[in-house]
Each structure stands twice: as C-alpha cells, then as structure tokens.
Amino acid sequence: MSLYKVTIIGSGNWGSVVAKLAAVNTLKYPSLFDYKVYLYVYEEIVEGQKLSEIINTTHVNVKYLKGHILPDNIVAIPDLFKACVGSDILVFVLPIQFIPNVCYQLRYRVKKTAIAMTMIKGFNVEDGRLSLISNTIRRELNVPCAALMGANIAEGVIREEFCEATIGCNDLQHSEIFKKLFETKYFRIRCVPDEETVEMCGALKNVIALAAGLVDGSRAGSQNTKATIIRLGFVEMIEFCKRYFPNTRLETFFESCAIADLIASSYGGRNRKVAEYFANEPEKTLAELEEEMLQGQKLQGPITAANIYSILERESEVEKFPIFRAVHLTMIKKIPVSEFMLCVQNHPQHSIL
Ligand SMILES: NC(=O)C1=CN([C@@H]2O[C@H](COP(=O)(O)OP(=O)(O)OC[C@H]3O[C@@H](n4cnc5c(N)ncnc54)[C@H](O)[C@@H]3O)[C@@H](O)[C@H]2O)C=CC1
Ligand SMILES: O=C(CO)COP(=O)(O)O
C-alpha cells in the first residue's frame, strides 16, 4: 500500500501546532504515512526574510508561533498547488476569510482519492443560507471532508498540556486515519459520526467567547454573570444547531468540540481577549484592535456573529437568540457595550416555567 501524503493548508497559530502533531505521528506510523508533512505557507516577508525559508531553516514560525521549535520533517511550501499536488490528506487550517480563494485555486487540482479535514471555526452564508466550510471543500474539490474541533487553544497544545479534541466524521475508516494522524498522549481524540454538529459548535462558541469578553471588559458582572452568559450561550448553540441541522445529536454537545471549547474559549482565546479590550476602548474599531493585539492572526467570532445575524434576520428569528443578536450589534457598534447585558436579560429561557 502506498503511504498517505499529508498537507496542512495554513501555517498560522493553530496551523503550525497541527503540523507538529501530524509530523510526530507520520514518524510514529511509517507504514501508513509519508514521514514528511507539507505545510502551505502564505508567503510573507518577516524582518527581510521569507517566512517559508525561515520555517525550513530554523523550524520556528517566527510570525505566528514564536519560541517553539517545530519538527524538522515539516516542509514549508509557499506555492499552494505545489504543497497539495499528489496529497492524500488535505487539512484546512486557515482563517475563514481566505477559504473561498484557496478552494477556488485548488479546484480540479487535487488527487481524486484525497480526503479532507477542516479545522476552521466558522461558516459562510451563500445566497442567504448557511453553508459549512466542509461543504465548500466538498463541492469545490469533490472530496469527502471531516472536521476536527475542540478545546484547543494553540499555546496550550504546543506546550503539550493535556486536552481533548473531537473528530466529526461519518466514515469509520477515515476517522481511524485522522485519529492516527493527530492523536498524541496529551492530545486525545474522540470520533463521533456527527460531522455537522462538530463543525457548527466550533463556529458558534466563538460568538459566546466574544460575549464572555464583553462581560469581562465592561465589568457588567462577576463570575456568576459570566457563567450565566456561557450557559445561555450554550442553549443558543444547541437551539441553532437543532434548527439548521435537524439530525444533530444532543450527545455531541458534551464532547470537547462543544461544552469544553465553549469554556476554554470563554476564559482564554483571542476572541474573548479582543472583546474585553473592545469593551474598554470605545474610540477604537474592532479591526484596529485585531491588528494591534493579534498582529496578523485573525478573529473568527465577529464574522460568525454577522453570519448568524443575517441568517436569523432573513427568517425573522433574531429575537429567539438574544446573545447571538446582542454580540453582533455590539461588535458593529449598533448598540453600546453598556446595553449588551440589557439585551440578554429577557432571554426566552426565563419565560419557560
Ligand atoms: N489559534 C488557535 O488557538 C486555534 C485556531 N483554530 C481555528 O483555526 C483556523 C486558523 O487559525 P490560525 O491557524 O490560528 O490562524 P491565524 O489566526 O494565526 O491567522 C493567520 C493565518 O492566515 C494566513 N493568511 C494571511 N493572509 C492570507 C491570505 N491572503 N491568503 C491566505 N492565507 C493568509 C497566514 O499565513 C496564517 O496562516 C481558524 O478558523 C481558527 O478559529 C482552531 C483551534 C485553535
Ligand atoms: O478555537 C480556539 C480554541 O479551541 C481558539 O479560539 P480563539 O480564536 O478565540 O483564540
């Protein structure tokens, strides 16, 4: 049997960590995987040098994951097509902003038998309707696509702190291959046959993480308030999934991709952190704060909040999701941060006996 060739598409904060996980396992399973892991790097000049060359010579992603040495069987490639040609496993770990263009460039150009995975936490709206990233990948590349999501803040995983992740994959054989590719003793994986819910949870939790950051920043309340926002947010996540994916399985919400990621992201994570500053810096735009605080890394929560709002508004359902609504309107400065809590105080949950 020929060896699976692996390409990681995206070399940001998480993409670099994921490349490390894969590079450790391609060496661990030499009869299954080609030992080299190909990493597509969107080329940038950092202190006068090409980022791809820095990664290949120093094995450090000095822009997105400073201070951590990556395995030397990771090969950084700045040409998207060259990075993916002949690959059997394509792992998408780019900010959602760049996915349409990347998929478009790869159209008709990947191996017919390839399998894909998305680790992107977001979704798109196409013709007014919700469209999963995995669907875009399936449609544009004509390959199956699973999802891996979880409570996986990159900084913790690169330090090899114990955590879990969830693979959503409806094909048992593919689940086994992906698990072998990413699982380590500190990164434990559970596979569930509920692709859509796993992917949706990764996207939706970012909006609740923004809400948690707004609570922290505006000092609208203490830990009690934040816990309430997280609980109500969790309920909205479940209701939203049930509404748009009627086959969603309730048990998936107890996996790392849902409850655990919601908690991790509401206490750590970039969405929470930027929202906290946003609440305190009324004269600055979100884009300015994102640039200043993240230096090239990207937030996914605000785009997802906007997407949710547009879908719900189209169906006159916005009022049923007060946290999703209030986060979006606050982040686009349609309502002041001081009103954020007022918007969620009449949550439909409180009219249920
Ligand atoms: N950072 C984290 O802790 C985690 C992130 N994720 C998710 O993984 C996805 C990727 O996130 P990160 O790796 O953290 O990325 P990041 O936030 O570090 O973003 C930077 C990435 O964007 C790329 N980029 C910049 N301009 C580009 C362009 N014009 N075309 C193509 N690529 C361009 C950069 O090369 C780099 O790979 C996101 O959806 C995120 O939510 C998931 C779990 C953990
Ligand atoms: O998804 C994440 C952790 O699981 C990272 O979240 P942030 O993008 O908010 O940092």
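Cβ atoms here come from the backbone N, Cα and C positions, even for glycine.
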(message) Per TrEMBL, which of Lys111, Lys112, Lys121 sits in the substrate site along with Arg270, Asn271?
(response) Lys121
(message) Per TrEMBL, which of Ala151, Ala154, Ala212 sits in the NAD(+) site along with Gly10, Ser11, Gly12, Asn13, Trp14, Gly15, Phe98, Arg270, Lys298, Gln300?
(response) Ala154
(message) Using other CB atoms within 10 angstroms as the count, which residue among the binding-site residues Lys121, Arg270 scores least?
(response) Arg270
(message) Given a separation of at least six residues and a C-beta threshold under 8 Å, show me what packs close to Gln300 (NAD(+) binding site) in the same chain.
(response) Pro95, Ile96, Ile120, Lys121, Gly122, Ala203, Asn206, Asn271
(request) Would you mind splitting the domain 'Glycerol-3-phosphate dehydrogenase NAD-dependent C-terminal' (194-340) into helix, strand and coil residue counts from DSSP? (result) 114 helix, 0 strand, 33 coil
(message) Restricting to the domain 'Glycerol-3-phosphate dehydrogenase NAD-dependent N-terminal' (5-173), what is the model's mean pLDDT?
(response) 98
(request) Enumerate in sequence order the recorded positions Gly10, Gly12, Trp14, Lys205, Asn271 whose Cβ-atom distance to ligand 2 is under 6 angstroms. (result) Asn271
(request) List nothing but the one residue from Gly10, Gly12 whose Cβ has the fewest other Cβ atoms within 10 Å; the candidates are the binding-site residues. (result) Gly12
(message) Return the count of C-beta atoms lying within 10 angstroms of the C-beta of Phe98 (NAD(+) binding site), excluding that atom itself.
(response) 16
